[in-house]
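Novice: Can you read through this structure? Questions will come right after.
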Amino acid sequence: MPKRNDIKKIMIIGSGPIIIGQAAEFDYAGTQACLALKEEGYEVVLVNSNPATIMTDREIADTVYIEPITLEFVSKILRKERPDALLPTLGGQTGLNMAMELSKTGILEELNVELLGTKLSAIDQAEDRELFKELCESINEPLCASDIATTVEEAINIADKIGYPIIVRPAFTMGGTGGGICDTEEELREIVANGLKLSPVTQCLIEESIAGYKEIEYEVMRDSADNAIVVCNMENFDPVGVHTGDSIVFAPSQTLSDNEYQMLRDASLNIIRALKIEGGCNVQLALDPNSYEYRVIEVNPRVSRSSALASKATGYPIAKMSAKIAIGMTLDEIINPVTNKTYAMFEPALDYVVAKIARFPFDKFENGDRHLGTQMKATGEVMAIGRNIEESLLKAVRSLEIGVFHNEMTEAIEADDEKLYEKMVKTQDDRLFYVSEAIRRGIPIEEIADLTKIDIFFLDKLLYIVEIENQLKVNIFEPELLKTAKKNGFSDREIAKLWNVTPEEVRRRRQENKIIPVYKMVDTCAAEFESSTPYFYSTYEWENESKRSDKEKIIVLGSGPIRIGQGVEFDYATVHCVKAIQALGKEAIVINSNPETVSTDFSISDKLYFEPLTFEDVMNVIDLEEPLGVIVQFGGQTAINLAEPLSKAGVKILGTQVEDLDRAEDRDLFEKALQDLDIPQPPGATATNEEEAVANANKIGYPVLIRPSFVLGGRAMEIINNEKDLRDYMNRAVKASPEHPVLVDSYLQGQECEVDAICDGKEVLLPGIMEHIERAGVHSGDSMAVYPPQNLSQAIIDTIVDYTKRLAIGLNCIGMMNIQFVIYEEQVYVIEVNPRASRTVPFLSKVTNIPMAQLATQMILGENLKDLGYEAGLAPTPDMVHVKAPVFSFTKLAKVDSLLGPEMKSTGEAMGSDVTLEKALYKSFEAAKLHMADYGSVLFTVADEDKEETLALAKDFAEIGYSLVATAGTAAFLKENGLYVREVEKLAGGEDEEGTLVEDIRQGRVQAVVNTMGNTRASLTTATDGFRIRQEAISRGIPLFTSLDTVAAILKVMQSRSFTTKNI
C-alpha cells in the first residue's frame, strides 16, 4: 500500500538524556526516522530534551523543540503544532511511556492526533506482563512460569509455588531497572520492595529462572499488510541471566542447528503477527541447550539498542524502514538503500561474523557492584566484524579502550586458582578474561562449560586462540603462523609480546611477507547482488573490495564506545566535521567502532571503516587510502591519544599540531606556556612519589586538588584537606612514577566558567562563555551550565576573552579548543585547556546557532574566520537564557556513590531554554527528572563547614511553605537561628533504620534531601551513613542535592513559582 496522503504533519518524541539502558542508539534511530519522513514529503516536528544529539539539529526535522519530555510540555507543543499524527516508537522507553500518558489524558483524542506505527493496544500487550502472558498462551508460545505481585507478601507466596531461584521484573521500566535474580526469600523481599516503587504501575513479575539457557534474539519487521521478515538473529555468549545489553553478542547465531534456528524464527514471526506490530521489533528467547524446549523472554515493540546493533551488523536500516512502514508503506515496495536493487522484503544474509561487547563504567566507579544480572549496567558498546568468531571477538576486545589488546588482563593473570574459579562463576564485566586465563592454565573446557553455562563451542574458539599463542611463542618470525594469527584477529602488539620484539618489528615483517589486510564490504546480501555501500571491515584474505578514489581524502577518527566522560557529544562533533569536509568537495572517511551512533551510519560519510581505534588498525586504513591527513580533534581523548603515534609514523595530523597538543596536555610544558603568556593559574606542582606530594601540598597550602596527568572526565581526582588524606590517596588511587606524575594544585573554591573557542591561527572566535552553577570542585561535566553568564562583571568577561585569545594564538591552535576558568576573589585563573572539541560543543552550537564543529573543520582545512563572515572575539549573546543540566544513572549502579566531586559521574545531559533564568532552570530540572513538589518536607544533613550557608537556604524553603527536617547537629543550628525544625535520628552506623532519617525517606515523608560531606575525608561512619542516605534517596526517586549551589538554583525556580502571603 502506498504512503498515506491524508496526513501532512507528524510529531516524533525523542528519548531524552542518555542514561544506562537508553543511549546513543536512539539518536541514530530518531535521526534516521526524521530524515526518512522528510524524504517522503511530510512535515516533521521533533520533541527531545537532549541537546547532545544530531537528532535535535535544526536541519533534521522541520521544527525542533528541545523541551522536557513531560506531560506538561509535550501537551503544550501538541496544542501549538496540531500535528496529524504522533510516532512514539523511536524514542525508547521514554517515548513509549510518554505516548501512553498522553493517550490516557485524552489529549490525543481531543486534538484528533493519530498514533502511527504499532498501536497502543499492542504496546500494552507487549509491555504489560499479564496481557503478554495471555497473548502467548493464546498462540501456544511457551513462557516461564510466573505471576504478578503487587505486594512483597504476594511475591513470597508466588515464589514458594514456583521454587527458587526466581527472577523479578518490574513492569514498565527500562534496561531491567529494579529487577534481579533471587536465591533466597531475604533477597526477594529486598528486590521486590524496591521494584514495586520503581514500577509506574506498582507491579512486579515473579518468574521461574531459566538461567543457563542460551539467550537468542531475533530482530523482526512487519508491515500493515502482514508481511514479516527477520532482519538479523543474534546469540549471546553469556547464557540467560545477564541483560542482553551487557552480554557479549554474536550475529548471526553460532551454535543453533537449522531446526532450532527455524523453530525460533517461526516463534518470533508468530509473536510479531499476533501483536500486529507495524515496524521493527525485538524478540528475546531462551533455548534449553539440551532439548528443543524454549521460552519467550520478552518483546520490545519498538526500535531498541539491539535494532541499532542489527542495523550496523547487517547494513539494513531498521529505524528508517520502521518510519516508512508507519506511514503505510509495505516491505515489498520500499527499496533497500544498501543494494538500491532489492526490496526491503529481502532478508539480509551475512558472510561474516559480528561481535558486540559492552563497555562498562567500572573504571570510573571502582566501588561499583560489577556483578551482572537482569539490570543493565553498560554505558555503551563496541562492535567488530571479522570472517570468523576469533577475529571479530579479538577486534572487539581491542576496541573497548580498557588498556587491553588481547583477551588477557593483568588482574586475571595474577589471580590465584581460587580467585579464578570465583571470577568465572560470578558473572562480571571482565569474565571473558578470567575464562581465557583458565583455558591458558589448562583447565578443561568441559569443566568451564559446566561452571559457567557458556556453550562449549565458544570455549573451543577461546582454546584455539590459546593454541595459536602457544605456537607463536616457539615459532618466532614464522610467516605462515603469522598469517594464521592475523586471520584470527591477533594484534601486532600481542604477537610482539609473544615474540619479545616491538610491534613495529611485527608490522615490518608483515609488510615484507605481504601479510596485509583487505577490506570487505557490508552489503546485506552476502555478495549475491551488486552493492554500492561504502561500508567496510578488515580481514586477512584475498580480494580487497575497498577501491581508493582519486579525490583528496581526509580521515576523521571517531570517539569509540560511549563511556562516562566521553559521550555522544563527541559523535555529534564527528558528524559535523564530516559534513564540512564534504561541503569543501573532499572525501570524508570515518573510522569508528561504536554501533550505536550516527557517525557509523554508512550514509553519513563517503566511506566508513568499522575498525578498532588503535594505532595498528587506523594505520592499515591510512596505508590503503593515502589521505591528505587525519583529523583527531573531534574524537575525544581516544583520537587525541592516537595523534602522537600516527605523527611519529609520518602521518599528517591536520589542525593543531602534535607538539602543541602536548603543550596543552603536559603539565610542565603547559605551566611554561602560561608563564610566557602571562596568564595566572592556581599554584600547583608535580609529584612523582608520596613524599614529594606531601612537601608540595605543605608549600601550596590545603585544600589541594590532586589528580593524575592525562585524563578525561577527571578519573581518580580528589579534593584533599590534610596530610593524612593525601597519604591515603597516594597509596590508594594512583601509582605515581616519573613517567606518570601526579598533579597537586591549590583548590580555589570560586566560580567556574568554561569557553569553547575556534581559531584559524590568527583570529579567535568565542561562540560563548558558560557559567557553572556549582562551584569549582565539581567536574565541569557534572555541573549545571548557564549561557549567557548571569553573574560575571564586564571586566571579568573581558579578561576571559583576552586570556582565551592569548592561549589560542600562543598554543598555535587551529580548529577547536576548550578552556576552563575559575574566578576567585575577582581574579581569573586558568584551570585547564583541552586542545580539542569538548562535550559542550553540541549545547553551545545549538544555543548560539554557530555550527562550531563545522566551522572548526573549515579552519583545519585552511579557511579563515573573516572570509566565512565571522567577527573575531566574543559572539553577540541572544535574548534567551539556556541551562544545561547533567543527568545521572545511579539507579542502575548499585554501590556507586552519588556525591559530586572532581570525578565525572553523569551519563547524559538535558537542556532548558526560556526568557528568564528561573524558567530555564525549571525546564532543565524537569528535563533531568528532578521534579520538586510545590510543598512538602526537605531533609538537611550537612557538614559543619556548610551550616552557615544552609541557614539561608533553609529560611527560603520555610518561606515558600516547606517543612524542615534535619539531623541533630544541623537541626540544633537551625533552631538556634529561629527556624522550626523536626529533628530525625542519624543512622550512626547502625543497621536498625527504624525511626531514622532513612525510614523517613523510605516512607515518602520527605520530598527532597540535601546532603553535603565537606572536604575533609569523613570518619567511616559518617561516610557510610551519608552513602546510605544518598542511595535511599536515589532508589526512591527523591531529588537529592549534594551541592548547595544546585539547591540555591532550584530554590530560585520554586520562589518564582510561588506567591508570597504576608499579613498587613
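Heads up, the Cβ atoms here are built off N, Cα and C, so glycines get one too.
OK, Swiss-Prot features for this one:
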- 1-401: region 'Carboxyphosphate synthetic domain' (REGION)
- 133-327: domain 'ATP-grasp 1' (DOMAIN)
- GLN284, GLU298: Mg(2+) 1 binding site (BINDING)
- 402-546: region 'Oligomerization domain' (REGION)
- 547-929: region 'Carbamoyl phosphate synthetic domain' (REGION)
- 671-861: domain 'ATP-grasp 2' (DOMAIN)
- GLN820, GLU832: Mg(2+) 3 binding site (BINDING)
- 930-1064: region 'Allosteric domain' (REGION)
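Mind mapping these onto the model and telling me what they sit next to?
Specialist: Under DSSP, GLU298 (Mg(2+) 1 binding site) is assigned to a strand (E or B) in the three-state scheme.
Broken down with DSSP, the region 'Oligomerization domain' (402-546) shows 78 helix, 11 strand, 56 coil.
In the three-state DSSP assignment, the secondary structure recorded for GLN820 (Mg(2+) 3 binding site) is strand. In sequence order, GLU752, CYS753, GLU754, SER780, VAL830, ILE831, GLU832, VAL833 are the residues of the chain that are 6 or more apart from GLN820 (Mg(2+) 3 binding site) and have a CB within less than 8 Å of its CB.
Across the region 'Allosteric domain' (930-1064), DSSP classifies residues as 61 helix, 22 strand, 52 coil.
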Novice: Among all the protein chains here, how many other CB atoms are within 10 A of the CB of GLU298 (Mg(2+) 1 binding site)?
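Specialist: Here the count is 17.
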Novice: Within 10 angstroms of the C-beta of GLU832 (Mg(2+) 3 binding site), what count of other C-beta atoms is obtained when all protein chains are considered?
Specialist: 17
Novice: Give me the count of other Cβ atoms within 10 A of the Cβ belonging to GLN284 (Mg(2+) 1 binding site).
Specialist: 20
Novice: Looking only at the region 'Carboxyphosphate synthetic domain' (1-401), report the model's average pLDDT.
Specialist: 93
Novice: Tell me, by DSSP, whether GLN284 (Mg(2+) 1 binding site) is helix, strand or coil?
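Specialist: The three-state answer is strand.
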